[in-house]
Structure formats: C-alpha cells, structure tokens
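Peer 1: Mind having a look at this structure? Questions to follow.
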Amino acid sequence: RTCNKTFSDQSKICPPGENICYTKTWCDAWCSRRGKIVELGCAATCPKVKAGVGIKCCSTDNCNLFKFGKPR
C-alpha cells in the first residue's frame with residue numbers, strides 16, 4: 001500500500017501490515033488563524049481518536065489526499 005504522509009510531497013510505501021491510509025485533523029490554540037492541524041499516514045487499523053479529532057480512513061493507494069487552503 002502507498003499513502004500520503006505528513007510533510008512529504010510524495011506518497012510513501014507503508015510498512016508491512018499497514019494497509020489503511022488515514023487523514024487525522026484537529027485544532028490547537030492557533031486554529032482560528034492557521035486552520036486545523038493535519039496528519040497523514042499509514043496504519044494497521046483505523047486509528048481511534050479523542051473527541052474533537054477528525055479521522056478519515058481508506059484502503060486504496062494514495063486515497064488520503066488533503067486539500068490545503070490557500071495562504072491568506
């Protein structure tokens with residue numbers, strides 16, 4: 001499986017056994033100015049998250065795209 005990874009401009013091959021791509025989003029103290037923090041990666045199962053954290057999981061190559069807004 002290949003998934004998009006945080007801080008990478010190319011998709012990466014996931015480690016053996018990690019066949020799920022995910023996009024995790026959440027807010028920090030700067031959310032109103034910078035927008036949500038986004039984490040992209042691979043996992044063996046869809047990660048469990050706390051309240052206030054968004055998660056989207058998928059199981060095809062490079063399916064965890066995230067469109068960032070234009071800088072203000």
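From the backbone N, Cα and C atoms, a Cβ is placed for every residue, glycine too.
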Peer 1: Please work out, from what Swiss-Prot records, which of Cys46, Cys63 forms the disulfide with Cys57.
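Peer 2: Disulfide pairing in Swiss-Prot: Cys57 with Cys46.
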Peer 1: Check for me: which candidate out of Cys42, Cys58 does Swiss-Prot give as the disulfide partner of Cys63?
Peer 2: Cys58
Peer 1: Taking Cys57 (disulfide bond) as the reference, which of Cys3, Cys14, Cys27, Cys31 (the disulfide-bonded residues) have a CA within 10 A of its CA?
Peer 2: none
Peer 1: Here are some disulfide-bonded residues: Cys21, Cys27, Cys31, Cys63. Which one has the most Cβ atoms within 10 Å of its Cβ?
Peer 2: Cys21
Peer 1: Restricting to the disulfide-bonded residues Cys14, Cys27, Cys31, Cys46, which ones have a CA within 10 Å of the CA of Cys58 (disulfide bond)?
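Peer 2: So the list is Cys46.
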Peer 1: Consider the disulfide-bonded residues Cys3, Cys27, Cys31, Cys42, Cys46 and say which one has the Cα lying nearest the Cα of Cys63 (disulfide bond).
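Peer 2: Nearest in space to Cys63 (disulfide bond), counting only the disulfide-bonded residues, is Cys3.
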